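Student: As annotated by TrEMBL, domain 'PPIase FKBP-type' applies to 55-143, 167-255, 279-367, 391-476. Residues or ranges marked as domain 'EF-hand' by TrEMBL: 487-522, 532-567. Summarising the annotation, TrEMBL assigns signal peptide to 1-27.
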Amino acid sequence: LISSKCKLTSVLLRVLYLSVLVAFAACNAPPVPSDDIFIEKTFVPEQCVRAVKVGDYVRYHYNGMFPDGKKFDSSYDRGSTYNVFVGKKQLIEGMDKALVGMCVNERRLVKIPPQLAYGKQGYGDIIPPDSILHFDVLLLDVWNPEDSVQINTYHTPATCSRKVEVSDFVRYHYNGTLLDGTLFDSSHTRMRTYDTYVGIGWLIAGMDQGLLGMCVEERRIITMPPSLGYGENGDGSDIPGQASLVFDVVLLDLHNPRDGITVTNQIVPESCTRKTVAGDFVRYHYNGSLLDGTFFDSSYSRNHTYDTYVGRGYVIAGMDEGLIGVCVGERRTITIPPHLAYGEEGTGTKIPGSAVLVFDIHIIDFHNPSDTTEVTVTYKPEECDKKTKKGDFVKYHYNASLLDDTSIDSTYNYGKTYNIVLGVNQVVPGMEDGLMDMCVGERRHVVIPPHLGYGERGVIPGSAVLVFDIELVEMEEGLPEGYMFIWNEDVSPDLFSEMDKDNNEQVEPSEFTDYILRQVNEGKGRLAPGFDPYRIIDNMFSNQDRNGDGKITEEEFKLKADEASAHDEL
């Protein structure tokens, strides 16, 4: 029994010994390669719009290493990405498999067994036979020969009256990047839009396609394969060959060389008795902006209308056209293409070259240099036998306003009439016209063009048409034209003696003044109404005082009295 146990123990010891030898050999033997690649994703981007598929073309960077960390190759060292089709046996089998499913900017550590790399043959002096290869891969770009332009609109304006069409001229800003986000160009950094025609070959094909259908203020991401960008060779500087391009575009402006002006948003007053024609002088307010809403000028900010002739080339052609056929009080939006505005050069400051301009205008006033005073009788008393004429002294009330109904002044506010002598330039010519041939109690609506009002430099304001609603309250008949004093009765034959109260054979100024005033008070004579009586009398005395010594002799009096042209004299 003991002998049998010893034999069993010996067998077990031999089995255990062989097991240890096998384990030891397994620990020290070279590893057996896996049948497939091993992938470790060391960086995954937050967004992955597209993953690599078989048949895609990719651009990637890599470092190639052996398991001990020794580098055998690197695209970084060559300063150029590795560019190749995936799944078309242009790569070792393991790399073909490793790239599938990768996203742009994804980074992978790939371990490839020899049978999926260079196998038992290795690769010259660089890669020994049966080598396991490690690749640190960063994907930068992916596209497919079947790709077309991809458009992602991420902002659409509330209104879009027009979209980009072939042969339109556009102004836009953009940021241009590679698919991995590397910026290669930007109009924003140059602080100048990119200005070009669309669809006629002035742009790369992808941009020509990507801009079509855009609205002003729309924002798009336009992604294009290299076949629609800069192709195999890139641009020779910042864009490598075979690179997909991504443009973040905002459209600021578009027009067509065939465009004329466009008039919209018209608000026309109910009463419009007259519309502007070429040759009229117009006063209007405006806000000026570019097509994307960028403000560049306003008459309101200057608190002064823009005043000009229309149809005579005093303003840009589009505005000249847009101001024809408008009414006082009308509002309209005038959109003007650059060839009818400031053209390719712009103004050099606030208006860029080739810019479409948008003007929101409000017509305040207009007239024509040939206009006369417009008089409309709004009320006439039944009895109207006596009418105003030149020389009459009139008293009237008025309400004054501009043509847009802006109030200027009113005598009713002062509680007293405005008093003038007609025909002696005490009021503007248009008011003279408005007050002629008028009855007491009559009311009139008088429209006075500026050349018959206060002119270009008027006080309220320059070149303004004035509107007066007037009522004649009282009138006093004037003297015949050229007279400042007349006799109501026959002239006394002893006129000089009657004036010479102190009988010293000369008439002093005081004697002369007292005498004339007495004649007026007694109704024997009349002074021109509306003037200072003492100034009239002083003037009469000066005309009699021939030698200017301050007194009138009988000889001087006679000589003056004999003159046929004597009107305000005696």
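For all residues, glycine too, the Cβ spot is worked out from N, Cα and C.
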Student: Using a Cβ-Cβ cut-off of under 8 Å, list the residues of the same chain that are 6+ residues beyond the ends of the domain 'EF-hand' (487-522) and lie near it.
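Tutor: Same-chain contacts beyond the flanks: 533-534, 537-538, 540-541, 544, 550-554, 557-558, 570.
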Student: Give the residue counts of the domain 'PPIase FKBP-type' (279-367) per reduced DSSP state, in the order helix, strand, coil.
Tutor: 13 helix, 35 strand, 41 coil
Student: Where does the mean pLDDT land for the domain 'PPIase FKBP-type' (279-367)?
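Tutor: A mean pLDDT of 96 is what the predicted model shows over the domain 'PPIase FKBP-type' (279-367).
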Student: Please count the residues of the domain 'PPIase FKBP-type' (391-476) that DSSP assigns to helix (H, G, I), strand (E, B) and coil.
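Tutor: Breakdown, helix to coil: 13 helix, 35 strand, 38 coil.
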Student: Per DSSP, how many helix, strand and coil residues does the domain 'PPIase FKBP-type' (55-143) have?
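Tutor: Tallying H, G and I as helix, E and B as strand, the rest coil: 14 helix, 37 strand, 38 coil.
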